[in-house]
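Q: Take a look at what TrEMBL says about it:
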TRANSMEM  B:6-24  transmembrane segment
TRANSMEM  B:31-51  transmembrane segment
TRANSMEM  B:57-76  transmembrane segment
TRANSMEM  B:88-111  transmembrane segment
TRANSMEM  B:117-137  transmembrane segment
TRANSMEM  B:149-171  transmembrane segment
TRANSMEM  B:191-210  transmembrane segment
TRANSMEM  B:230-247  transmembrane segment
TRANSMEM  B:282-301  transmembrane segment
TRANSMEM  B:307-326  transmembrane segment
TRANSMEM  B:338-359  transmembrane segment
TRANSMEM  B:371-390  transmembrane segment
DOMAIN    B:413-537  domain 'RCK N-terminal'
COMPBIAS  B:598-607  compositional bias 'Basic and acidic residues'
REGION    B:598-623  region 'Disordered'
Amino acid sequence: MPPEAMGKVLVIFAHPAFHRSRTNRVLVEAARSAEGVTVHDLYETYPDFLIDARAEQRLLEEHDAVVLQHPFFWYSSPALVKEWLDLVLQYGWAYGEKGDALRGKVMAQAITAGGPEDAYQREGTNHFSVRELLSPFEQTARLCGMAYAEAFTVHAANHIGDPDRTAAGERYVEWLTAIRDGSASLWLPGPG
Amino acid sequence: MAFESVFLQAFIYLAAALVAVVAGKRLGLGAVLGYLIIGAAIGPWGLGLIGGESEQITHFAEFGVVVMLFLVGLEMRPTELWRMRRQIFGLGGMQVVLCSLGLAAAAVAFGCHWKPALAMGLILAMSSTAIVLQSLAEKNLLRTEAGQNSFAVLLFQDLAVIPIIAALPLLATGGAREAAAHASHDWMEGWPAWGRGLVTLGAVVLVVIIARLATRPLFRAIAKTRQREAFTAASLILIIGIALLMTKVGLSAALGTFVAGVVLANSEYRHELESDLEPFKGLLLGLFFLGVGVGIDFGHIGRFPGTVLGLAAGLIVVKAVLIYGLARLHRSPRESSFVFAAALAGGGEFAFVLIGLAISSGVFNETQAKTLTAGVAISMAATPLLILASHRLTARAMKKPVSDRESDLHDEGAPVIICGFGRFGHIVGRLLRTQGVHSTVLDNDPDQVDTLRAIGMPVFFGDAGRPDMLLTAGAARAKILVITLKDPAITLNIIETARKYFPHLQIFVRAYSRAEAYELLDAGEQRIYRDTLDSSLTMGTDVLRELGMPAYTAYRAAKLYRRRDEVFLRKMAKHRHQDDDAFLSAAREVQKTLDKVMREEPGHGIGDEGWSPPLADPNKETP
């Protein structure tokens, strides 16, 4: 649940089997420790998938940036993130006529992927780059008039050791701080 | 010796009762008729197993009638009784007056003097509360118009006995008038009429006060001891006490306990009282019917077959015709008037008391009294048969069973019928309603119905346990039948009826327990909803969350548990018919499997193979 909405960055976290994901646990803890960051756990809040769209919208309105943090399941997000996008980004609010609630804000993704970094290229096993695979999200940000920052990725997340994990956490805080301060590098700039 | 003979008697009576019930039910005659026939068979004119003590036993067994009236009272709320006031006094009064005069006229026509003729009329106008109510209950007719009318008239007869007892001595033709006064061994003898009236009224008021004020704290205190036998004792004390008090002031004990029952109808101890007294009622009534059977004097019938049988037949015909006419005058439909007339056409147990009184008052001589007693006994024995026959005839004549005036149910054309609108059913109904799905709701609790109607729920009064209500509720047009009743027997009964007559209905049924779920599976039902399964799982989920398990993990654990338990339930249902050892070992096996499946991942407590990260080398084929 959202604490008092001091933070400017909203981390929408989603992992259906959180107890199995050591890497995500480290990342979530890191995010919680970062200043100006609110962590909102979707599977914890909506175990029955019954999303309260209005509450989610309010949360987004109170923040300047939204980070979707999740494992990169099948080149995409866990189901609840899709459900969240489907229900929360309503016509007339997020896009379409008078739909400018998110305009000028920043969207970004923090993902943990099973494959190593070199798998995500034309010649690699996964054939596409991470950015290419995330293109539906990027286009979503575009439609809502948002900037889309370069994604934060932890590769081979199931296989890295604890030191690497800790390092990933520190890197994550730096990245979140950059998002908060508007200094993160963008894949897609905001609408002027 | 005495000890042994008491046990022998008890043994004979209980064995006879058992045979009577089993045989009566098997032959479709009903238990009451079974009792009467078996009673006659073991009596002095049959096998002779039971002899002169039958009168004592009958006295004891009359207590069964008292208990029955108390239970009937419990079922009847004061408002309901008030609604029946016109039936009780109008129909009841007319029945007693009309039948007394009609029967007296018939007796005069056969050359009787008008005084004993009138006495005969008054005596024979009474019907048997015990036999009629029990037979109607067996045929599920109590709630029908005919049943309600019969009940109202019987109630009035109980009231009418008092003035009849007072009037009988006046009809004596002989000189034995002074015997009459002693016959009723009345301690208020010689009191002024207003004094007697005051005492009688005081006794009734006392009963109401006891029932309303004293029982609550008493029962609460006893209930707290959690000793069931204490409660049973208290229930019996209440009934016996009231019966004694009523007898003391010359009122019918049955009437007194009936009043007490009505007063307690809204009490929270109602169901407890019912379940405690029900076995006593059944057994004592059985004894009572046996006693009536035993008491039939076949010797006397053998000596005067024409007179006795003619009397019995005449009694039934005259009463039936008059009562039928009366009911039609009251604008009852033909069919229910027919059942009503058949139910009340026979004589009743009050006749035995009144005949005894009439002898001592010098109204009748021995032979006349014996003929009357035998005739009444035969007509009583015929009553269950008459009810059975009239019910069969009318059921065939009418396409649907006897209409139910008590119920304001009608076919709303709703796609869903919900039987039972208690704590389970009402949630189903309300959910459907929020989605604009109309359902016809049946509940047999008038208070519940009133409350729900007051808040705008379209609930109808109707005994959902009666299969014929399904038709009235529009089962022919509905698509879905939801049964959320607590009683498994009634539930199975409805399922059977629905399958037979409305095979198109999709049945959704609530199971109160796992055991009931097995029974429903045996009956071939698939859509079974175990009472508290989901809320228990919700609670379990919340406990897991409180212990630190992620919400979604806990949620899935409960869902998975539910799914697997449904599978196991169906597996176990098949094992249930094996012998105990096989069942238990199957149950152990299933339990072990369930535990294993649910705990296959050490340290995490739930087996949920979803989103398991690959354990093999990550370099290949991993998203």
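Cβ coordinates are placed from backbone N, Cα and C, and glycine is handled just like the others.
What TrEMBL says about a protein is an automatic prediction, not a curated fact.
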Q: May I ask whether the transmembrane segment (B:88-111) has at least three C-beta pairs under 8 Å with the transmembrane segment (B:149-171), counting pairs 6 or more apart in sequence?
A: yes
Q: Given the cut-off of 8 Å on Cβ pairs that are 6 or more apart in sequence, determine whether the transmembrane segment (B:57-76) and the transmembrane segment (B:371-390) share at least 3 such pairs.
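A: Answer no: the transmembrane segment (B:57-76) and the transmembrane segment (B:371-390) share fewer than 3 Cβ pairs below 8 Å.
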Q: Would you confirm whether the transmembrane segment (B:6-24) and the transmembrane segment (B:282-301) meet the contact rule of 3 or more C-beta pairs below 8 angstroms, pairs 6 or more apart in sequence?
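A: Contact confirmed: at least 3 Cβ pairs fall under 8 Å.
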Q: Looking at B:31-51, B:88-111, B:230-247, which one has the highest count of Cβ pairs under 8 angstroms to the transmembrane segment (B:282-301)?
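A: That would be B:31-51.
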Q: Taking only the residues in the domain 'RCK N-terminal' (B:413-537), give me the average pLDDT of this model.
A: 83
Q: Count the residues of the domain 'RCK N-terminal' (B:413-537) that DSSP assigns to helix (H, G, I), to strand (E, B) and to coil, and report the three numbers in that order.
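A: Across the domain 'RCK N-terminal' (B:413-537), DSSP assigns the residues as follows: 52 helix, 25 strand, 48 coil.
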Q: Apart from its near flanks, which chain residues at least 6 from the ends of the transmembrane segment (B:88-111) lie with a Cβ under 8 angstroms of it?
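A: Here the qualifying positions are 81, 117-118, 120-122, 124-125, 149, 152-157, 159-160, 314-315, 318-319, 322-323, 326-327, 330, 344.
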Q: Could you tell me what the rest of the chain brings near the transmembrane segment (B:307-326), counting residues at least six beyond its ends with Cβ under 8 Å?
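A: Result: 91, 94-95, 98-99, 102-103, 106, 124-125, 127, 300-301, 337-338, 340-342, 344-347, 371-372, 374-376, 378-379, 382, 386.
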